[in-house]
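Undergrad: The feature substrate binding site is assigned by Swiss-Prot to Phe63, Ile64, Ile65, Gln66, His67, Tyr125, Arg129, Thr266, with sequence analysis given as support. As annotated by Swiss-Prot, heme binding site applies to His252, with the evidence given as sequence analysis.
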Amino acid sequence: MCPHAHPPAKPDHGATTTPERIVHDEKAQLDFSRDMSYGDYLQLDAILNAQKPLSPAHDEMLFIIQHQTSELWMKLMLHELRAAIANVAADELGSAFKMLARVSRIMEQLVHAWDVLATMTPPEYSAMRPYLGASSGFQSYQYRCIEFALGNKNAAMLQPHAHRSDLLAQVQAAYEAPSLYDEALRLLARRGLAVPASHTERDWTQPYLESAAVEQAWLTVYRDPKQYWDLYQLGEELTDLEDAFRLWRFRHVTTVERIIGFKPGTGGTSGVSYLRKMLDVVLFPEIWKLRTDL
């Protein structure tokens, strides 16, 4: 060994890493008497005190949190959808693509959330069902706004919100506004594609009617992706979104059937039978049909 070399340092057994030492070494802030804390910023007191079970059933907490968290995700979904629609209307497709991709990922998150509720067995649900009254996810105003924003318009779906003028105003606004697909078709028309005026200047409150001319416009895009790259990408973003939405709906059906079978829903619908009918709704029909005709 070189005479000037230092021997290897011996481990300092007195400096054992502990949680306290890690926090000390990181200089983490511990006093929030004068600063906004994590809980303050997120308003956790309000959120975590919003679970008010009405029954003695242990599993009601799961039921409440499942639906409350779904409503939070739907709030974000609406935030992104509304911005995406505005961006498509303004020809700002780059921003719209990011927002639509986020909406699809939120829907995937909601698909997986059904796995948690599916741990509730029929007897467990039956123990709390009498306490639900007529309350039902069918009455979710945010979900109705999402359906309307995606083009599934139905005037009858305004009625469940008539008792709350503030909520009715939001649902009514979504009902009367152009949907995401309406704005996509208007964009195609602005780019010179032959979308008929019957589909670009119409009564937005009416259900969308499939059009052979609209399919031809999309076929033009899909037959030459290089020339119409951003419109082609828009078509695929819409496909991703509807694909995710179908999975979300399907998982809803299977979870409800697993828990209550074919009993009527608490909101007065036929339950699973009603949900199965909703699986047949196609939001962007021409984008799906063109795949056969390409």
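Any Cβ shown, glycine's included, is placed from N, Cα and C.
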Undergrad: For Tyr125 (substrate binding site), which residues in the same chain are close in space, meaning a Cβ under 8 Å from its Cβ, but six or more apart along the sequence?
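TA: Correct list: Asp59, Phe63, Ile259, Ile260.
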Undergrad: Once the chains shown are all counted, how many other Cβ atoms turn up within 10 Å of the Cβ of Ile65 (substrate binding site)?
TA: 15
Undergrad: Can you tell me the CA-to-CA distance separating Ile65 (substrate binding site) and His252 (heme binding site), as a whole number of Å?
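TA: Spelling it out, the Cα of Ile65 (substrate binding site) and the Cα of His252 (heme binding site) are 16 Å apart.
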Undergrad: Near His252 (heme binding site), how many other Cβ atoms are within 10 Å of its Cβ?
TA: 20
Undergrad: Which residues, sitting 6 or more apart from Ile64 (substrate binding site) on the same chain, put a CB under 8 Å from its CB?
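TA: Looking at Cβ-Cβ distances below 8 Å from Ile64 (substrate binding site), excluding near sequence neighbours, one finds Gln51, Lys52, Pro53.
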Undergrad: If I restrict to non-local contacts, at least six residues apart, and a C-beta distance under 8 angstroms, what lies near Gln66 (substrate binding site) in its own chain?
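TA: Once residues fewer than 6 apart are set aside, Gln66 (substrate binding site) is near Ala113, Val116, Leu117.
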Undergrad: Among the binding-site residues His67, Arg129, which residue has the largest number of other Cβ atoms within 10 Å of its own Cβ?
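TA: Compared across His67, Arg129, the most Cβ atoms within 10 Å surround Arg129.
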Undergrad: What Cα-Cα separation, expressed in whole Å, is found between His252 (heme binding site) and His67 (substrate binding site)?
TA: 12
Undergrad: When DSSP is mapped onto helix/strand/coil, what comes out for His252 (heme binding site)?
TA: helix
Undergrad: Provide the number of Cβ atoms within 10 Å of the Cβ of Phe63 (substrate binding site), excluding the reference atom itself.
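TA: Result for Phe63 (substrate binding site): 22 other Cβ atoms within 10 Å.
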